[in-house]
Amino acid sequence: MALISLALRHAKTYWVFIVFVLVLQLLSTMALLWLPSLNAQIIDRGIALGDTDFIWRTGGIMLLASFGQLAVAVAAVYFGARTAMGFGRDLRREVYRKVDSLATLEATKFGAGTLITRGTNDVQQIQMLVLMTLNFMVSAPIMMIGGIIMALREDAGLSWLVWVSVSVLAVIVGFLVWALLPLFRVMQDKVDAINNVLREQIMGIRVVRAFVREPFETDRYGVANREITDVSVKVGNIFVLMFPVIMMVLHLATGAVLWFGGYRVADGDIQVGSLTAFLQYLMQILMAVMMGVFMTMMIPRAVVCAERIRELLDTKSTLSFPEAATLETPEAGRVVFENVTFGFPGAEKPVIKNVSFAAEPGKTTAIIGSTGAGKTVLLNLALRLYDPQQGSITVDGAPVSELTRDQLADTLSLVPQRPYMFSGTIGSNLRFGRTAATDEELWEALRVAQGEDFVRERELGLDEPVSQGGTSVSGGQRQRLSIARALVSKPKVYLFDDSFSALDVATDARLRAALPSATQGATTIIVAQRVSTITDADQILVIEGGEIVGRGTHDELLGSNEVYQEIVRSQLEQAEADDDQERIAFDSSAGAATAAAYGAKREVE
Ligand code: DCP
Ligand code: MG
C-alpha cells in the first residue's frame with residue numbers, strides 16, 4: 001500500500017508522459033499481435049495457392065508493421081526510462097529533505113546506515129519497478145488477452161493447450177514468488193546491517209588500528225557479509241529454479257502444439273499457416289506471462305523498500321521550524337534560559353534541571369563542570385537541536401522555537417566539542433556559515449583563531465584540500481579552523497563547546513586575548529575544562545548533574561562555591577604534580593588567585 005501511495009503521489013507530475021508511454025506500448029503490442037496472422041495468410045493463401053503478388057504485398061505490410069513496431073517500442077522504452085528516472089530523482093529528493101529536516105534525535109534512532117540505504121538502494125528498487133511497470137504493465141496483459149483471442153481465431157480446437165500451459169506456468173511461478181517474498185525483506189535489512197558495520201569501521205578506523213581490533217572487526221564484518229550472502233544464495237536458488245522451469249513449460253507447450261496440431265493438419269481441420277500462427281501466439285502468451293512474473297517478482301522487494309521509505313517519510317520531526325519569519329531576527333543576542341528542564345526520551349532522569357541564566361551581549365558567560373554534567377546538552381538546547389520539556393529559551397526575547405532555521409543560523413554559531421570538517425578546501429569550510437566572506441576576512445578569522453600560521457605553511461593556503469571529517473588536519477588545527485569558521489559567520493551569539501582544550505596554555509591565552517575585538521559586542525558562551533580559560537569571564541556558571549550549583553565571577557566563586565573550589569584545587573594539584581615549573585606557566589593571571597584559593601581551601605581542611 002505504501003508502494004501505491006508513493007507511486008500515485010508522484011504519478012501526478014508525470015501523467016502526460018505515462019499516458020504517452022502507455023499509448024506507445026499499446027501500439028507496439030498490437031503490431032506484435034498482428035504479425036503472426038499476416039504470416040499465416042502468406043503461408044495459407046500465398047504459398048499454398050502460389051499467389052506471388054499476395055506474398056509480396058503481405059510481406060511488405062509485415063515489413064512496415066515490424067519497423068513501425070520497432071520505432072514505437074524504442075520511443076516507449078525511452079520515455080518510460082525518463083519517467084522512471086525522474087520519479088526516482090523526486091523520491092530521492094524527498095527522502096533527502098526528510099532526513100535533513102529530522103531532529104538529531106530521530107536521525108540517531110534510525111541510524112546513518114539505514115538512512116543511506118533508504119535514500120539510495122531502496123529508491124532504486126522502486127525506480128526499477130516503475131520502469132518495468134511502464135514497459136510491461138500495458139503490454140503484458142494486452143499481449144496475453146490479445147494472444148489468446150488471436151490464437152483461438154486461428155484454431156479453437158487447440159485452445160485447451162493455451163489454458164493448460166498458462167495455468168501450469170502461473171502456478172509454478174506464483175509459488176516461487178511466494179517463497180521469495182520473505183527473503184527480500186530480510187535482504188534489505190541485511191543491506192542495512194552491512195552498511196552500518198562498514199560505516200562504523202571506516203569512521204572508527206583509527207581506534208580500530210590503535211587497539212589492534214582488526215581481527216574482531218573483520219569478524220563482525222564477516223558475519224554481516226555471510227548473512228547477506230546466505231540470503232542472496234537462497235534467493236539465487238529460487239531464481240535458478242525459475243528459468244529452467246519456465247523454459248521447460250515453453251518447450252513442452254511447443255511440442256504439444258506441434259504434436260496435436262500435426263494431427264489436426266493431417267485431418268484437414270486446420271491449415272499449416274494457422275498452426276504456425278497458433279504456435280507464435282502461444283509463445284507470445286507465455287512470454288507475456290513471464291513478463292508479468294518478472295514484474296510480480298520485483299513487486300515484493302519494491303513493496304518492502306516502499307514501506308521503509310514510507311516509514312521514514314512518515315516520521316514526524318519532533319522539531320518543527322516555522323516556514324516564514326514571524327519575528328525579527330535578534331539584533332543584540334541576549335540569551336535567556338528560564339527554568340529549562342530537558343531529558344532524553346526514554347531516559348528516567350532529566351539531563352538538564354531547572355536551569356535559568358542570562359548571557360548578555362558583549363559579555364562572556366563561562367560554563368564549567370565535570371564531564372557528563374550537561375554542558376554540551378545546554379548549548380545544543382540553545383541551538384535547538386532539541387526542545388526542552390519545560391521552560392523557555394529566548395534570544396532578545398524571541399523564543400528560539402519561533403525562529404526560522406536561517407534566523408537561528410544567523411544568530412547563533414557553535415564551535416562543537418568535536419569539530420567536523422567537510423570535504424573540500426580550508427576556504428570552503430571556513431565559508432560554511434557565510435559564503436560571501438572574502439579571503440581577507442578568512443585570514444582575519446584565522447589570525448584570531450591562532451590558525452594563520454599553519455594555514456600559511458600549507459602550499460595551497462586556503463585552497464588546501466580537507467578530507468571528509470577533517471582527518472587530514474590535526475585535532476588542534478581542526479579546532480582552530482572550527483573557531484575561525486564560527487568567526488567568519490559573524491553571529492550575534494558564539495557558543496564555544498570546550499573549544500580550547502586542544503590548545504596549549506599559551507595559545508589558549510593568545511586566542512582569548514584576540515577574541516573580544518573579533519566578536520565585537522556579541523554574546524559569548526564558553527564551555528571550558530581549564531579554569532585558566534575562564535578566569536576573566538564576566539559570569540561563570542558551575543554546573544553539576546544538570547543543575548546550576550554556582551554562579552558569579554571567578555573571585556566570587558573562589559570565595560563561596562565548594563564545587564568550584566574543588567575544580568580549582570584538583571587542577572592545581574594536577575599542575576603541581578606535573579612539575580613545579582609548569583605550575584608557574586599554568587596561568588599567569590589566574591595563578592595567584594588559584595594559589596590563594598588553594599591556600600584558603602587548605603586552611604578549611
Ligand atoms: N546524554 C544522553 N544522550 C545524548 C547525549 C548525552 O543521554 N545523546 C547524556 C549523557 C550525559 C548527559 O547527557 O550524562 C550530559 O551530556 P553532555 O554531553 O552535556 O555532558 P558534558 O558536555 O557536560 O560532558 P563533557 O565535559 O564530557 O563534554
Ligand atoms: Mg560536552
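Cβ atoms here come from the backbone N, Cα and C positions, even for glycine.
Remember, TrEMBL labels are computer predictions, not curated facts.
Copied from TrEMBL, the annotated features are:
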| type | residues | note |
| --- | --- | --- |
| TRANSMEM | 12-34 | transmembrane segment |
| DOMAIN | 19-301 | domain 'ABC transmembrane type-1' |
| TRANSMEM | 54-79 | transmembrane segment |
| TRANSMEM | 128-152 | transmembrane segment |
| TRANSMEM | 158-181 | transmembrane segment |
| TRANSMEM | 238-261 | transmembrane segment |
| TRANSMEM | 281-300 | transmembrane segment |
| DOMAIN | 335-570 | domain 'ABC transporter' |
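Across all of the domain 'ABC transporter' (335-570), the predicted model scores a mean pLDDT of 90.
Between the transmembrane segment (238-261) and the stretches 12-34, 54-79, 128-152, 158-181, it is 158-181 that has the most C-beta pairs under 8 angstroms. Here the transmembrane segment (281-300) does not lie next to the transmembrane segment (54-79) in space: the count of CB pairs under 8 Å, restricted to residues six or more apart, is fewer than 3.
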